[in-house]
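Comments concern the structure below.
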Amino acid sequence: MGSLPSPPPPAAAGDNAAGWQAIDTGELGRLFEAQRRHLDHFFDHVDLHQAAAFAQALLDAPGAVFFSGVGKSGIVAHKLSQTLSTLGFVRSAFLPPTDALHGDIGALFPGDILVLLSKSGSSDELLGLVPCARAKGAYLIAVTSVEGNPLAALCDMSVHLPLQRELCPFNLAPVTSTSIQMVFGDTVVAALMAAKKLTREQYAANHPAGKIGKSLIFKVKDVMKKQEELPICKEGDMIMDQLTELTSKGCGCLLVVDDNYHLIGTFTDGDLRRTLKANGATIFDLTVGQMCNRNPRTISPDAMAVEAMQKMESPPSAVQFLPVVDDQNVVIGIVTLHGLVSAGL
């Protein structure tokens with residue numbers, strides 16, 4: 001088997017093996033400035049009455065809201081449908097125009113809204129979809145950037161997104177129009193959130209795997225250790241007899257309880273080191289109750305998990321765990337900083 005060819009030598013500064021010029025930071029800066037002017041043109045000329053009517057239509061939709069588009073506009077349409085669906089009060093999905101004409105249009109029902117994104121408003125796929133979607137009873141909205149386009153003329157509502165030109169040197173590649181579509185759509189979504197008075201809790205309910213969702217959904221009882229996982233001991237137990245319990249449960253502490261599991265105090269591995277340093281060999285004669293902290297921080301199982309983390313970090317000094325007790329001070333669990341971090345909080 002022959003050896004692989006050696007890689008080509010690195011290109012000299014200012015060019016490469018294909019003869020292309022290196023990226024010039026000055027030219028790149030001019031491009032960014034030109035793109036900003038193109039976006040400013042959109043912001044300066046967007047019709048707020050059209051935008052408000054569009055947002056109101058989505059807010060008042062009696063059915064689902066579908067988005068469709070071709071090419072790069074289709075990618076934007078897909079993203080906007082996903083963002084809208086995360087709000088929880090509007091059912092939304094992306095409807096690929098070609099797939100729609102081969103059966104997927106069956107998802108459309110009377111009262112649904114179909115938003116058609118297109119820069120030119122002349123895509124054959126969207127124009128072919130319009131009569132079929134109308135026959136299904138959908139309300140059609142065109143979002144386009146070319147004045148007097150056929151798609152806008154065929155739909156029930158039309159929104160014009162002012163486009164000065166594409167940043168592309170040939171004014172062809174959709175490198176500005178898609179940015180405008182995304183900015184417009186995302187701004188409308190934010191307007192819907194404000195109009196619906198969406199709360200953090202409602203938003204988090206649709207993002208249970210994210211940090212925001214977990215902080216607003218997870219309670220202490222969802223992340224605490226319990227039952228056989230608890231490092232339990234009695235106050236009369238000798239310290240040296242509880243070393244296995246102290247180290248094997250992965251909590252870094254002992255929960256000192258009475259016969260009815262009422263919390264008496266806590267004893268940590270830090271307490272063990274300090275006791276050993278202060279007492280030397282006499283540690284063998286000490287009970288856990290003699291050295292435990294009888295005024296530990298505790299938390300309720302129904303408290304929010306994020307509250308537990310805040311309580312651990314509060315003055316005068318941070319702690320690594322909190323005993324979980326009920327309203328009778330009975331130990332039912334323990335929540336650790338490691339457990340909260342592992343849960344994504």
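Cβ atoms are placed via backbone N, Cα and C, with glycine included.
TrEMBL labels come from automatic prediction, so no person has curated them.
In TrEMBL this protein carries:
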type: DOMAIN; residues: 54-198; note: domain 'SIS'
type: DOMAIN; residues: 224-286; note: domain 'CBS'
type: DOMAIN; residues: 292-345; note: domain 'CBS'
type: SITE; residues: K72; note: site 'Catalytically relevant'
type: SITE; residues: E125; note: site 'Catalytically relevant'
type: SITE; residues: E166; note: site 'Catalytically relevant'
type: SITE; residues: H207; note: site 'Catalytically relevant'
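Structure coloured by features recorded in TrEMBL.
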{"residue": "K72", "record": "site 'Catalytically relevant'", "Cβ contacts under 8 Å, 6 or more apart": "P174, T178"}
{"residue": "E125", "record": "site 'Catalytically relevant'", "Cβ contacts under 8 Å, 6 or more apart": "V70, P97, T98, L101"}
{"residue": "E166", "record": "site 'Catalytically relevant'", "Cβ contacts under 8 Å, 6 or more apart": "H38, L172, A173, P174, V175, T176, S177"}
Within the predicted model, mean pLDDT of the domain 'CBS' (292-345):
90
